[in-house]
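Features of the protein shown, as given by TrEMBL:
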- 6-118: domain 'Acyl-CoA dehydrogenase/oxidase N-terminal' (DOMAIN)
- 122-217: domain 'Acyl-CoA oxidase/dehydrogenase middle' (DOMAIN)
- 231-377: domain 'Acyl-CoA dehydrogenase/oxidase C-terminal' (DOMAIN)
Ligand code: CAA
């Protein structure tokens, strides 16, 4: 692992930082308050290549490496964790899954507009009664010869209300358990496909999270991804990479809160001196800086392993497990350092604290990450 960032990586980091400051920061408080999706900002992120960062340019992507992705995600999430999850899902769950496993026809038709940011995608695995236990899903796709008939409900789907294309995981043969699951590309607007309720969330309120309802939706056979029965392994493989995205989002949330707390501690005075001169505050900042650096290293490690083509189930899970804990701890302390100001919206840290919590839940809870890690180290 090389700790020296290349000129190109530094340029991407700077471009994402400038974009976040200039385009995301101005109305981030209002979007959080009103649960407003950053429509224009996401469009610009697409134009900058941030929505298909690692995809081959021949399919509309930016052709960058995964370390660049971690760097850009961190900068976006520092300012707006909602925009960051839109970016993470489109890059890691949707584009990466299609680039690695879809047919050439599927790549041309679906990956190209998704990677170039012309449209965005969603990944529908979770259900009302199947979150962590992903094999227990109830959504069915019945093989009808030249099409599948899709029925069921998916829950908590990021980009659910704004996506154009959806990767939907469904049971095709319940008797075969996880080998009877398939992944399909479903288009918004197909008959019988209804966008359900929008969730009113604690955090990442600028992102849009919906249930999806499928009522006899006909999916053409050619929209199945991979061989029959590959859907569960597809979902697991895609989630391994997704966890690097969410780890980087968590890292950004933590780093954003830390930077605000550090700045505040250097200017706010109490007992005749800036509060950073009180060891009670200085030690909190020292812990934050150390933990954020460690979280960043875990993200870089997983990203480097991904680019080297290694199995990233363990490193991705470690990065997400640790970075999401750091995001939670750091944001709570950042609110504490800000005192009363930390509890009001205009100082941003209360929002970051609310945003942090979901990073311990989605794309595999912290408990699921420990299952993945412990199984890996026991092998
Ligand atoms: N990487 C690759 N393959 C994996 C894997 C991993 N991390 N974990 C399991 N698999 C494979 C196994 O090798 C096995 O394959 P074979 O039979 O072909 O060898 C198959 O999957 C079944 O494995 P298990 O028997 O271990 O399956 P399990 O039922 O015990 O479940 C689990 C394993 C790790 C708990 C899995 O169910 C899991 O990851 N659950 C969490 C699901 C999740 O992350 N949901 C998030 C929803 S998506 C989301 O949040 C998106 C959003 O909008 C932000």
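Backbone N, Cα and C atoms are what each Cβ position is placed from, and that goes for glycine too.
Note on the domain 'Acyl-CoA dehydrogenase/oxidase C-terminal' (231-377): mean pLDDT across this stretch is 98.
The helix, strand and coil residue counts that DSSP assigns across the domain 'Acyl-CoA dehydrogenase/oxidase N-terminal' (6-118) are 87 helix, 0 strand, 26 coil. Assigned with DSSP, the residues of the domain 'Acyl-CoA dehydrogenase/oxidase C-terminal' (231-377) fall into helix, strand and coil as follows: 125 helix, 4 strand, 18 coil. Residue counts for the domain 'Acyl-CoA oxidase/dehydrogenase middle' (122-217) by DSSP state, with H, G and I taken as helix and E and B as strand, are 10 helix, 50 strand, 36 coil.
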